[in-house]
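Down below is the structure, laid out as structure tokens.
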Amino acid sequence: MDDEVLEQIVSVFNALVSWVAAGAMVFGGVVPYIPQYRDIRRTQNAEGFSTYVCLVLLVANILRILFRFGRYFETLLLWQSIIMIGTMLIMLNLCTNVRMATELNTKRRSFIDFDWSYFWSWSRFMDYVQCVLSFTLVAAYITYLLLDSALFVETLGFLAVFTEAMLGTPQLYCNFQNKSTEGMSIKMVLMWTSGDTFKTGYFLLTQAPVQFWTCGLLQVFVDIAILFQVYYYSRYPQKPVSHTVSHTTSAKAL
């Protein structure tokens with residue numbers, strides 16, 4: 001009787017751990033963007049966050065979903081991609097609204113202008129949606145035509161993983177251009193680093209394909225480089241700390 005009770009307890013515990021692990025797998029990638037979202041909302045300043053991070057994750061997760069049509073992977077990863085796409089669209093919506101509110105005299109730019117000098121710097125959130133939908137339709141059509149090619153499917157999977165591995169590079173470049181990490185959430189980068197380190201260790205322990213842990217190591221390296229920027233620019237400031245007053249507040253005051 002005691003053995004049966006113990007088995008039931010162990011079974012319930014294993015099920016609980018599985019549910020927690022599944023939740024962490026699906027929503028864990030979204031958590032780092034919560035502090036960044038709150039910082040942008042609080043300061044009404046999106047200058048320190050690179051929206052190209054959103055572009056990288058949108059492309060990577062769209063490609064991953066398309067890859068599933070050629071090679072099946074677990075449903076949890078599919079939901080992870082869907083939720084990440086939704087999160088990046090929410091981040092883009094916030095950044096676009098904040099930027100347009102503080103650039104009242106800037107000429108409005110649109111996706112249908114097809115001006116590559118302003119790519120991913122449009123004035124309306126719907127322009128980003130149009131771009132994402134266009135990319136999805138074109139990529140889906142090409143995938144449909146070449147789905148029978150094993151080489152294409154494997155290449156598609158590699159592109160999805162490699163694109164995600166380049167996640168931190170837009171933020172790294174943004175910090176380098178600004179000569180500052182002001183406006184970037186350090187909590188977000190710390191969560192990136194811990195998550196990427198855990199993921200890469202998991203790939204190595206489970207002897208995952210070489211491209212998985214190689215791209216994981218690349219992600220960790222970029223995360224560490226961004227953390228070094230935080231240290232370097234705080235210790236050796238390259239420009240004075242800005243005290244910009246929100247144009248929205250000024251406009252309301254007038």
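Just so it is clear, glycine is given a Cβ too, placed from its N, Cα and C backbone atoms.
Feature annotation from TrEMBL assigns transmembrane segment to 12-34 (among others).
Positions annotated as transmembrane segment by TrEMBL: 46-67 (among others). Through the fold, the transmembrane segment (46-67) approaches residues 36, 40, 73, 77-78, 81-82, 84-85, 88-89, 91-92, 94-95, 98-99, 120, 132, 135-136, 139-140, 143, 153, 156-157, 159-161, 163-164, 166-171, 173-174, 178, 180-185 of its own chain, all at least 6 residues removed from its boundaries and within a Cβ separation under 8 Å.
Using a Cβ-Cβ cut-off under 8 Å and counting only residues 6 or more beyond its ends in the same chain, the transmembrane segment (79-100) has close neighbours at 25-27, 29-30, 33, 36-37, 40-41, 44-46, 49, 51, 54, 57-58, 61-62, 64-65, 106, 122-125, 128-129, 132. What TrEMBL records for 79-100 (among others) is transmembrane segment.
Beyond its flanks by at least six residues, the transmembrane segment (128-147) meets 58-59, 62-63, 66, 69-70, 89, 92, 96, 111-112, 120, 122, 153, 156 of its own chain at Cβ-Cβ distances under 8 Å. Positions annotated as transmembrane segment by TrEMBL: 128-147 (among others).
Below 8 angstroms of C-beta separation, residues 158, 161-162, 164-169, 171-172, 175-176, 179-181, 184, 186, 189-190, 192-193, 196-197, 199-200, 203-204 of the same chain, each at least six residues beyond the ends of the transmembrane segment (210-233), sit close to that stretch. The transmembrane segment annotation in TrEMBL covers 210-233 (among others).
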